[in-house]
Amino acid sequence: MPAPQCASCHKARAALRRPRSGQALCTTCFCASFEAEVLHTVVAGRLLPPGAVVAVGASGGKDSTVLAHVLRELAPHLGISLHLVAVDEGIGGYRDAALAAVRRQAARWELPLTVVAYAELFGGWTMDAVARSTAGSGRSRSCCTFCGVLRRRALEEGARRVGATHVVTGHNADDMAETVLMNFLRGDAGRLARGGGLGSPGEGGALPRCRPLQLASQKEVVLYAHFRRLDYFSEECVYAPEAFRGHARDLLKLLEAARPSAVLDLVHSAERLALAPAARPPPPGACSRCGALASRALCQACALLDGLNRGRPRLAIGKGRRGLDEEGPPGRRGSHSRPDPPLRSPSPASRDSSSPLGSDDDVGVRGRL
Ligand SMILES: [Zn+2]
Ligand SMILES: [Zn+2]
């Protein structure tokens, strides 16, 4: 049976059916629709005003590759300029190949690229060193937890270095729905409240952040990358992803099979949530070390690094508050001390309310930006 005609141009043969709507489109009309929808997300949400200098978190993966490509197409309409910012977490063999993909993209698209490294920002700690240090802690998620918090901070720092006014990341609707589901299942009202909406306005001196692909489905992101022949790096991070996210993903797949709009419905439900006054997180103060927003003495990033420097990562990432409340004013103990990391740029990454686990942007845990 020949492919149906494109439902938009009525000329070309359809190349796909859109996963959500079932609409049959040709390659050209699909890519144009995808770009128009991202444009609508940005314009309707007033995410990137004309004149914005936008730092694109570039990981070399499919999401950030598609985001950078679409924004480059839209930049003349939006009146914005783009700067790719890549974070080198120091993951031997994995990140090197991913960074090579980012470099190829920057060269092909003639976009400026800046790479910031954990080792440089965080007092010598690479992700490989963190993994060695946390090995045997019995917490499979610890690597992703560290990495999510630190990557967010590193991206903020990189964005500041290039004079950016805004930060964008490549999270898609599936990532967001997984995070909403996880927050629901954990009963984490504070993070649910913060995770809604298309981004954060930039509290506490942090740069405004947004996710222009937040309403785009993962399947369509992959299709767009395929039809536009984008060159990206598709290997999984060498460190196992957080197990709970995997369960949320499986559950979401079941829900989506029964109800195709389930992913987007979950994303929207988080946007529309209103918290009862008693469930609202307390207004955050400032981290005593770096000045970022924090609900305790230290922000998440500083608390994690502090635990590493003391050789006690378990306390810094445990469910309880022991490791954080015990310590009093930051001081040097033990023989594992390293210089304080030069955390200079406050960001909402460090705004930890009810739990020190994960950033408020848990969706970063899969090694994407
Ligand atoms: Zn068409
Ligand atoms: Zn801090």
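Heads up, the Cβ atoms here are built off N, Cα and C, so glycines get one too.
TrEMBL entries are annotated by machine, without manual review.
ATP is bound by Gly57, Ala58, Ser59, Asp63, Gly170, Asp175 in TrEMBL, and the record lists one more residue there from Val87, Val116, Val130, which is Val87. If you draw a 10 Å sphere around the CB of Val87 (ATP binding site), it holds 29 other CB atoms from the protein chains shown. The binding residues for ATP are recorded as Gly57, Ala58, Ser59, Asp63, Val87, Gly170, Asp175; their greatest pairwise CA distance is 20 Å.
Summarised by DSSP class, the composition of the domain 'Cytoplasmic tRNA 2-thiolation protein 1 C-terminal' (285-315) is 13 helix, 4 strand, 14 coil.
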